[in-house]
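Enquirer: Next up is a structure, given as structure tokens.
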Amino acid sequence: MSSSPSPFGQNEWLVEEMYRKFREDPSSVDPSWHEFLVDYNPEPTTDSSASENGQQTRTAAPKAPPEPAPAPAPKTPDSKTPDSKSQAPKQDSKPQESKPQAKAKPAESKSSTKPADAKSEKSGKSGTNGAAKPAAQPADDSDQNQVLRGAAAAVAKNMSASLDVPTATSVRAIPAKLMIDNRVVINNHLKRTRGGKISFTHLIGYAIVAAVKKFPNMNRHFAEVDGKPNAVTPAHTNLGLAIDLQGKDGNRQLVVAAIKKADTMRFGQFIAAYEDIVRRARDGKLTAEDFSGVTISLTNPGTIGTVHSVPRLMRGQGAIIGVGAMEYPAEFQGASEERIADLGIGKLITLTSTYDHRIIQGAESGDFLRTVHQLLLSDDFFDEIFRELGIPYEPVRWRTDNPDSIEDKNARVIELIAAYRNRGHLMADIDPLRLDSNRFRSHPDLDVLTHGLTLWDLDREFKVNGFAGAERKKLRDVLAVLRDAYCRHIGVEYTHILEPEQQQWLQERIEGKHEKPTVAQQKYILSRLNAAEAFETFLQTKYVGQKRFSLEGAETVIPAMDAVIDQCAEHALDEVVIGMPHRGRLNVLANIVGKPYSQIFSEFEGNLNPSQAHGSGDVKYHLGSSGTYLQMFGDNDITVSLTANPSHLEAVDPVMEGLVRAKQDLLDKGDTEDGYTVVPLMLHGDAAFAGQGVVAETLNLALLRGYRTGGTIHLIVNNQIGFTTSPAAAKSSEYCTDVAKMIGAPIFHVNGDDPEAAVWVSRLAVDFRQKFKKDVVIDLLCYRRRGHNEGDDPSMTQPSMYDVIDTKRGVRKSYTEALIGRGDISMKEAEDALRDYQGQLEQVFNEVRELEKHEIEPSESVEADQQIPAKLATAVDKSLLARIGDAHLAVPEGFTVHPRVKPVLEKRREMAYEGKVDWAFAELLALGTMISEGKLVRLSGQDTRRGTFTQRHSVVIDRKTGKEFTPLQLLATDSDGNPTGGKFLVYDSPLSEFAAVGFEYGYSVGNPDAMVLWEAQFGDFINGAQSIIDEFISSGEAKWGQLSDVVLLLPHGHEGQGPDHTSGRIERFLQLWAEGSMTIALPSTPANYFHLLRRHSLDGIQRPLIVFTPKSMLRNKAAVSDIRDFTEQKFRSVLEEPTYTDGDGDRNKVTRILLTSGKIYYELVARKNKESRDDVAIVRIEQLAPLPKRRLAETLDKYPNVEEKFWVQEEPANQGAWPTFGLTLPEMLPDHFTGIKRISRRAMSAPSSGSSKVHAVEQQEILDEAFAP
């Protein structure tokens, strides 16, 4: 037969105690024990020695002797002793199997020194007859005997049994410093994240399990099988933990519970199993299974200060490992901390390996301890642990102390501080997905080893020159500040900023102590997350498959935006204007701007807003809105508006900036501490921020005098993917935000799974903006729960990423668990808040569903919404023209006008009185009259102040001092010196079209009463702003009801300067024109240009004006206007030759009409006059769109004998006005234009020839054909 020890070892006493309780009251024992205890047959708790083969023999309780006497010691049975059943006393006729032996009392040793039991004597059960005599009281100095029962008896029995195990013990002292320092890192991380702690025993226990894999013999135990010695090798390592428990009676008890299959566990699993065993032991919830099968034990007497112990080894185990106290060597225990740190003395911990010498040899035990030693000092061991716990930083490394002087190391510490300030963000834990979980966030510059420092320097003090408010600090404390400031859930880039004051301001706040949000603030953050997630979940459930470009995975955006706006309200600012792409837009509209849910749900139902009945309208995730934000923890409020945007990513950026600048100029608080009270809050996508050039163009405007808005808060929703493009394919830089360094903006990279960090950064960003009036960038790293849209499957292109995302808990859940874990809120409070919000959505949804459904009809044109007045007077008094002329010579005293500019100014005064007004002065006259009428006029563009063609000189520069004089600004006061309210703002723009045009469009939206003009250097370059033209200027009114009256001045004309200095692309604007969306004009006289601008200023409608302006005509002496053309006329959309309107020309002689526009008119007139062609009349169409049908028909009707009509243009056949006019003229006026023919250059892919000689030949051919017989 085989022999084996009890499976419970030293835990057998506990099993018997459980059995006793079970017999008395089964409900008092955990149900997990019931199955085991039903047929449990315990041994009596008498002492017995082991047999020679190690098997303990069961012995019956002896009968009590007839007279009081010490109980004889039981005889040790030999191998032939009958089993306990044959030796049981026959005091009960019932079968012994039905009554467990544990209920029978074992015989007790009687002693004269033990007082008699009063209860026993009274009942007559003392063993004597008659009255009981009082027992004599023992003397104070007499010995007392106490029968060991229960646990104590079991321990005694087990200890006696352990004497049969021949043991030996190996001892090894192990440096504990690395464990200490890495445990600090681990527990600090856990404290900041999910909570919990790692103990030294966790680390040592895991190292023991790892070492057993290398030395499996340490896991074996000895047993005799069929009388033969055997070494039993268990299938797994079951690590027994010695757990000290305090009973209800105050006595301490020791149990050993097993972590089963510990060898198959990773560190995280091991810790979970370890904590589960300890927790259940303390709660009395251990089961029989937990006590059985221990193969190797770990005991830690060091917790009570024991340095070195040799524990007893129980049968069934091969070894027990003892852990001693963690102490400095005895000879240094009286030394000061400073002395110990200077000497590089670390604490030691003593491990003992007590093993069964029958199957384990001393060398093997020694090697085993050496392996544990090596593991606890190895890089790989702690790397594994850090990865398992999700700690993104490298562990502390075991290295030899560097003997360099403290002075040398002081300099290295200063270098280390600088390195963290510069590159700490590279080590920050900012990626919520941690896609490369095996890679630590590290950089050589941030490694203490790189700086010649080691773990031995951690407790040494160094001079830190005021760092964190101290002159001297321990390196450990320095690193704590640096890592908390730069390497947690916020990574900061600010050392690229050139201004020391700004760096210092940020540094103080980043490295300073951060106040934890109050419980009320945490609950508010949670409510914002609830709202963000519930809104998306609701739409996903109710409108399955509909595109909405959800915010799921980036819900922290909502509390972050909320914090920005709240902080702006705290600063008592006037408004926050939001610009953003389509992702998350509906969520922002609902939870930030406050757009009614009913309106959003109606759009999902397909119900059109009555205000958008005209025009094309747009998809719901492009629309804008406005509302009022009320502070949750303050008394202020602030206006919040969201600008409409197209799907062209980042195209809205300059538009929003222009809109904000317009609002600021209306408030007119200036560039002061109290100025810039309208705050731009711009949301971006990561791929777009790095990829779209307009981002850099818009950033470049940030600090320019004519464009600055006092700082934009940029919030990048960094979902680490662009549709299907990975970051590696989307940018060449480390971060998508690197482009923002060009303007010295501080950049904060924030882990989107930490809403408290996002809120802290958002508030800091507003404070920085208010202090320094500069942009701030917040890079919120998150993820996209679904595909680019709700119908997309992103796992086709990013399978690994979406494997992580599909199993990832949302930020609301993780944040809720953190609050509950800290006891800030209860689970019920969290769920109630979420259900309340969901209930609100459900109620509104049901109301919308019940609304009457209207039949969808085709939308109507927006053209009828704004009609140009037919008889608008634009003429001005001659005295006003004279005043504008005088202003050009009213230079300040001592001002030196450039000698080439002075004649221009003098000529202008002359023109104001005598006429022959040229184009440039006619423009200034128009603007000057507007300023005198109280209009704000803003003119900008490349080289605009002087003019590309040296024609404007709107600002005169002092030749000696560089000071400026702006003549038209004098019109801001009337002749009596009273302010008119007008302003003239003229700026040279940066070399940009996209951002510059977008800015001016936005400005015109933000200030509808302003006259906003942008001039291209050459009209050809307007295609750099094509997205703004297509998405905003031509269609903003139709799509969003967004009104603008921006003016684009585009120099245009074929003059032999090549393909890129010829055309403003008339054909493109005419193709885009519809529904009266723009006014497109090509005026040919200075006076008509004057009236065109004034009409646009006075007509009361808000639509863009596109003017194709001249180049060579600027100095054409024929292209001038008389004073009466300004004082008596108005804009004329169709012009005849002066010979027919002001002279004696005979219309009856005309048989051929040449219709044209622009400067070629002057070439046609010159040719006609040269050839005296009275049969040819030239009619100019000055307004190309809307086409002046009535005026054109009236003009043509004046020529009764016309036989042929030609459209003459210098542009190629496929460009200019002809592609539109060739179709629309015969359709609109069939009686007048059926059969009209074209005279032009041939169709060309480029606007013109690159050769001036070829140009001249082509131009001559046009004229020849126009006047051919």
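Cβ atoms are placed via backbone N, Cα and C, with glycine included.
Pulled the feature table from Swiss-Prot, pasting it below:
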ACT_SITE  H357  active site, proton acceptor
BINDING   R583, S647, L649, D686, A687, A688, N719  thiamine diphosphate binding site
BINDING   D686, N719, I721  Mg(2+) binding site
BINDING   T1079, R1095, K1130, S1133, Q1183, R1190, R1191  acetyl-CoA binding site
COILED    824-855  coiled coil
COMPBIAS  23-37  compositional bias 'Basic and acidic residues'
COMPBIAS  43-58  compositional bias 'Polar residues'
COMPBIAS  63-75  compositional bias 'Pro residues'
REGION    23-145  region 'Disordered'
REGION    42-107  region 'Linker'
REGION    379-1269  region '2-oxoglutarate dehydrogenase E1, C-terminal part'
Enquirer: Give me the count of other Cβ atoms within 10 A of the Cβ belonging to S1133 (acetyl-CoA binding site).
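Expert: S1133 (acetyl-CoA binding site) is surrounded by 23 other Cβ atoms within 10 Å.
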Enquirer: Can you tell which of the recorded positions H357, R583, S647, A687, I721 lies nearest to R1191 (acetyl-CoA binding site) in space, using Cα positions?
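Expert: Result for R1191 (acetyl-CoA binding site): the nearest of the recorded positions is S647.
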Enquirer: Are there binding-site residues among I721, T1079, K1130 that sit within 10 Å of D686 (thiamine diphosphate binding site), Cα to Cα? If so, list them; otherwise say none.
Expert: I721
Enquirer: Please name which of the binding-site residues listed here, S647, A687, A688, N719, I721, is nearest in space to T1079 (acetyl-CoA binding site), Cα against Cα.
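Expert: Minimum Cα distance from T1079 (acetyl-CoA binding site) across S647, A687, A688, N719, I721 lands on S647.
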Enquirer: Rounded to a whole angstrom, what is the C-alpha distance between R583 (thiamine diphosphate binding site) and R1190 (acetyl-CoA binding site)?
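Expert: Rounded to a whole number, the Cα-Cα distance is 47 Å.
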Enquirer: Find the one among the binding-site residues S647, A688, N719 whose C-alpha lies closest to that of K1130 (acetyl-CoA binding site).
Expert: S647
Enquirer: Applying a 10 Å Cβ distance cut-off over all chains shown, what neighbour count does D686 (thiamine diphosphate binding site) have?
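Expert: Around the Cβ of D686 (thiamine diphosphate binding site), 24 other Cβ atoms lie within 10 Å.
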Enquirer: Within 10 Å of I721 (Mg(2+) binding site) (Cα to Cα), which of the recorded positions H357, L649, A687, R1095 do you find?
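Expert: The recorded positions close to I721 (Mg(2+) binding site) (Cα within 10 Å), listed in sequence order, are A687.
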Enquirer: Hey, does DSSP put T1079 (acetyl-CoA binding site) in a helix, a strand, or just coil?
Expert: strand
Enquirer: Among R583, S647, L649, D686, A687, A688, N719, recorded thiamine diphosphate binders, what is the largest CA to CA distance in Å?
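Expert: It comes out at 18 Å between the most distant Cα atoms.
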Enquirer: At the Cα level, what's the spacing in Å between A688 (thiamine diphosphate binding site) and R1095 (acetyl-CoA binding site), rounded?
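Expert: Distance (Cα to Cα, whole Å): 40 Å.
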Enquirer: Can you list the residues of the same chain, besides D686, N719, I721, whose Cβ falls within 8 Å of the Mg(2+) site's Cβ centroid?
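Expert: So the additional residues around the site are G685, A687, V717, N718, Q720, G722, P727, C782, Y783, R784.
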Enquirer: Looking at the recorded positions H357, S1133, Q1183, whose Cα is closest in space to that of A687 (thiamine diphosphate binding site)?
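Expert: Looking at Cα distances from A687 (thiamine diphosphate binding site), the smallest one goes to Q1183.
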Enquirer: Could you list the residues of the same chain, at least six apart in sequence, whose Cβ is under 8 A from the Cβ of L649 (thiamine diphosphate binding site)?
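Expert: When sequence neighbours closer than 6 are ignored, L649 (thiamine diphosphate binding site) has P581, G685, A688, Q692 within Cβ distance under 8 Å.
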Enquirer: Between the Cα atoms of H357 (active site, proton acceptor) and R1095 (acetyl-CoA binding site), find the distance and write it as a whole number of Å.
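Expert: Per the Cα atoms, H357 (active site, proton acceptor) and R1095 (acetyl-CoA binding site) stand 109 Å apart.
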